[in-house]
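Trainee: According to Swiss-Prot, the protein carries these features:
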- 11, 12, 13, 14, 15, 16, 17, 18: ATP binding site (BINDING)
- 99, 133: [4Fe-4S] cluster binding site (BINDING)
- 102: ADP-ribosylarginine (MOD_RES)
């Protein structure tokens, strides 16, 4: 596995992490790279756009059907999609039952033991990042993923999740080789979003790898179960994903040990950028509205 790059995309649920990762990986394969995607999100939507299909059967689902994971063959769980990209979904239990992270651990061990990592240039883990619990931290903790890319936006909860993920990376950075590759901002058109993303990246001792502009063509492609790279290869949005892929490809060995900030520092930063308002500002705005209404 010499030369194998193991990267991971982390981010809060609903941030567009799976869409961003699949579009980026589709652009990477166009650079001549051989890729294996390991979906580590219980929604099992990490490979849908690459396979042009509904969510594929997961390792945990198939293992339960066959009796145990030892009863499976790699061919049972691995599907091949756009330009030869290999796809696996680890899956998770029913909501409220058991640890979804266990599926991640089971899947990665099974794939490694059965040669799925042979003959690929990249293994990409697509990981839920609202919580960095034991199972979801597994690609970091077990030194599987060496480069972590955090997908975020200018929204407060996305920034909060990004900082939390940085804490998880820091915890294992010194015992293993894991590093923060950078932040990817998926534009939500919030106030001063680019400035805020760059400021957070700097505070985390990292950099903003790419700012992905919002474009409805992403949704149009998703409705057809396709990446933008496949659906509209000549579009400006496809060019954005190619630029992101180029930056990740050139980023080998450039990752950093992150420096997460406190909740107070995060809130101060949001206040500085005018994203979060002080009680005094909110009261002044309310009084101004009431005065304007009274004057009518």
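Don't overthink the numbers, they just go from 1 along the chain as shown.
Glycine too: its Cβ is placed from the backbone N, Cα and C atoms.
Keep in mind that this is a model prediction, so the values were computed, not measured.
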Trainee: Given the binding-site residues 11, 16, which one has the fewest other C-beta atoms within 10 angstroms of its C-beta?
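Mentor: So among 11, 16, the binding-site residues given, the one with the fewest Cβ atoms within 10 Å is 16.
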Trainee: Within 10 angstroms of the C-beta of residue 14 (ATP binding site), what count of other C-beta atoms is obtained when all protein chains are considered?
Mentor: 11
Trainee: Taking 10 A as the limit, how many CB atoms besides its own sit near the CB of residue 13 (ATP binding site)?
Mentor: 15
Trainee: According to DSSP, does residue 16 (ATP binding site) fall in a helix, a strand, or coil?
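Mentor: Looking at the DSSP assignment, residue 16 (ATP binding site) belongs to neither helix nor strand, so coil.
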